[in-house]
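Taken from TrEMBL as is:
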TRANSMEM  B:38-57  transmembrane segment
TRANSMEM  B:64-87  transmembrane segment
TRANSMEM  B:122-146  transmembrane segment
TRANSMEM  B:153-171  transmembrane segment
TRANSMEM  B:202-222  transmembrane segment
TRANSMEM  B:252-270  transmembrane segment
TRANSMEM  B:290-313  transmembrane segment
TRANSMEM  B:325-349  transmembrane segment
Amino acid sequence: MSEGDTLLYLDGVTVTFDGFRALNALSLVLEQGEMRAVIGPNGAGKTTMMDVITGKTRPDTGKVMFGKDTDLTRLDEPAIASLGIGRKFQKPTVFEPHTVWDNLLLALAGDRAPRFTLFARQTADEKRRIEQILETTRLTDVRHRAAADLSHGQKQWLEIGMLLAQEPQLLLVDEPVAGMTDAETEQTAVLLREINRTRSVVVVEHDMAFVRALDVKVTVLNEGSVLAEGPIDLVSDDPKVIEVYLGR
Amino acid sequence: MKLDRAAILTIVLVFGAALVMAALNQMTPPASAMHVPTYVIALAGKYLCFAMLALAVDLVWGFAGILSLGHAAFFALGGYAMGMYLMRQIGDRGVYGNPNLPDFMVFLGWKQLPWYWHGFEWFGFAMLMVVLVPGVLAAVFGWLAFRSRVTGVYLSIITQALTYALLLAFFRNDMGFGGNNGMTDFKAILGFNIQADSTRSALLVISALFLCGQFLLARFVVGSRFGKILIAVRDTESRTRFLGYRPESYKLVVWVLSAVMAGIGGALYVPQVGIINPSEFAPGNSIEAVIWVAVGGRGTLVGAILGAILVNFGKTWFTSVLPELWLYALGAMFILVTLFLPRGVVGLFRRRSRLEPEPEVPAASAAQEVTG
C-alpha cells in the first residue's frame, strides 16, 4: 500500500446495547500513514468505536474494512491483532508481575502458538528490538523492574512500547495522557509523532491542549456519529461543536 | 532450566526421604528401632500421590487462574484405569474363581466382559488409558468451556458439577466399574505380590520419582515463555487477546497437562491404598486439594507439594486423635491461611513470589504515583 491509500474504512456502523445506540451510522476514513485525533463528550461512542475496530464488539450493521479487502467484522481479537492493529487502553493494562523487559518480549511480533512459546528462547534479534523500544519509550533504566512498580506515566509508555513491539500498521490509542503530568504529556505527544512517522495512529483524547499539540486532523464524535471533521482550529470554532462541549 | 535452592531441596527431600524409608523398610529387621513399618511406607506413598494432585491444581489455579473444584475427578479416572488393570491381574484368584470376569461382574450375573474392559489385561494399554482418559475428558471439557469464555466462579461450579456427575455415574452398578463398592482385593501388579513389603517400598520410590518428574515438568512449563503468557492470561486475559494471543489455547494446553498429571497421581494411589471407589469423585476431595495448595502457597509449585504432605499428615494425626473434629480443623486452617498467610507456608520463607511481586523501591515509586 502506498501513501494516500485508505487504511481503515468505517461505513454506516451501528451498535446498539439494550436499545441504546452507542454508534449511530458512524463513518470514518483513515489514510495510510495518517494520525487522527478523535474527541467527543462522554458517551459519544469513542471507546465503542475502538471495540468495533479491534473485534471486541460486533456491529449490528455497517462495514469495517482494513486495507483493501479485509472485513474486520468477521474476525476476533487475536486475529485482528495479528493483522497489525494494536490497541492501548484507557487504563494502562500491562502485565504487572512481569518485568518491563518481559512485557515487551511477550508483545514482540512473532509466533503466538503454545507449541512455539513452550520452547521459545530469546533470540539476539528479539533482544535488539526490545532494547530499541526501551530507548524510544525511555524505559531502559527500569527494564528489570516489575511493571507493577512503575509510575503511572511509565506504565502508559510501557503500554505504548508494547504496541510498538507488536509492529502494527495501525495504532489505536485511548486517552494516552489521562493522569499524566504536563511534562509527561508533552513527551507523549513527541513519542506519538515519532511513531506516526512509520505507522498510522488513531488517538482518542479529552485533553484539548494535547490534541492541539498533536496538530492533526480531528474528528468530533457525538451520540455515536461524526459531528465535525477537520483541523483543530476549524473544528473548535464550529458552533455545533461548541454547543456539545459547552452545554445547551 | 535453572533450579533455585528451594526446587533442589524439594527434589532431594522428596526422593531422598522415599529412598531412605524404602531402604530401612527392606534392610532392617522389624524389631529394629530403625525399621520403617510397611503401613508408614503406604501412607507416605499416598501423600506423594496427593502431592501430584496438588501440583496439578496449582498449575491451573496458581498460574492460569482456573480454580478447578473438580480436579479429583481426573485423579480418580487415572485411579480407575489402574484399578481395571489390577482387577484383571487377579485372574482366577477371586472369590468366585472366574478367570475371565472380575468378582463384581460374576455377582451381578454378567456372562462376559464389557467391551470397554478389553485391553486392560495389558499393563501398557492400561497405562495409556491412565493418560488418555483424563486427558481426553479434560480436552473436551476445556475446549467447550474456554472457547465459550467461561471463567471464574462459573467455571469452578462447572468443574464441581463434572466431578459430581462422574460420582453419580460410577455409583451405578450397570456402568461396569463395580458400583458403590468400586474395585478392591487386588493381588498383583506386573506379577509382583501387591501386599508384599518389597512391592510397597518400590511403589513409594516410583511415586517419588513421578512426583519429582512432574515437578520438573511443571517448572519447565511455568518458566518458559508459555508460562509467562499463562500468568498474563491469569491477570489480564483480554489484554493478551489484543496482543494476538489466544488465551483459550493456552488454558487448554495447561488444563490437559494438569489433568494428565492428576491422573498419573491417581494411578499410583490405587495400588498403594488397595481400593478405588466412587467416593474418590466426591466434590469434597477436589476442594480439599485446593486447600492443600492454598496452605502450601498458591502459584509456587513447591508449596503445593509441601501443602499436600503437611495437611495430609495433619489429617492422619487428627483423625486418629480427634476424628470428629477434623473437618472443623480443615476449615479453620483454610480461613486462617487465607487471612494471615495469603502466600501460604512457602510465603513465610520467600519474600518475593510469582504471584505478587513486591516493589523493589517502594518509596520511590510510591512518590511517583502521587505526582503522576
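The chain as shown is numbered from 1 upward.
Keep in mind that glycine also has a Cβ here, set from the backbone N, Cα and C atoms.
Note that TrEMBL annotation is computational and uncurated.
Long-range contacts of the transmembrane segment (B:252-270) within its own chain (CB-CB distance under 8 A, at least 6 residues past either end) are made by residues 45-46, 48-53, 55-57, 59-60, 63-64, 66, 68, 71-72, 74-83, 86, 127, 130-131, 133-135, 137-139, 142-143, 146, 186, 203, 206-207, 210, 214, 217-218, 221, 226, 230, 276, 280.
The recorded stretches the transmembrane segment (B:290-313) and the transmembrane segment (B:38-57) share 3+ CB pairs below 8 A when only pairs 6 or more apart in sequence are counted, and are therefore in contact. Simply put, out of B:38-57, B:64-87, B:202-222, B:325-349, B:64-87 has the most Cβ pairs sitting under 8 Å from the transmembrane segment (B:153-171).
With a threshold of 8 Å between CB atoms, the same-chain residues lying at least 6 positions outside the transmembrane segment (B:38-57) that come near it are 14, 17-18, 21-22, 25, 68, 71-72, 74-75, 197, 200-201, 203-204, 207-208, 210-211, 214-215, 218, 258-259, 261-262, 264-266, 268-269, 272-273, 289-290, 292-293, 296, 301, 304-305, 307-309, 312-313, 316. Within the same chain, residues 6, 288, 291, 293-298, 300, 302-303, 306-307, 310-311, 314-315, 318-319, 355-356 sit at least 6 positions outside the transmembrane segment (B:325-349) and bring their C-beta atoms closer than 8 Å to a C-beta of that stretch.
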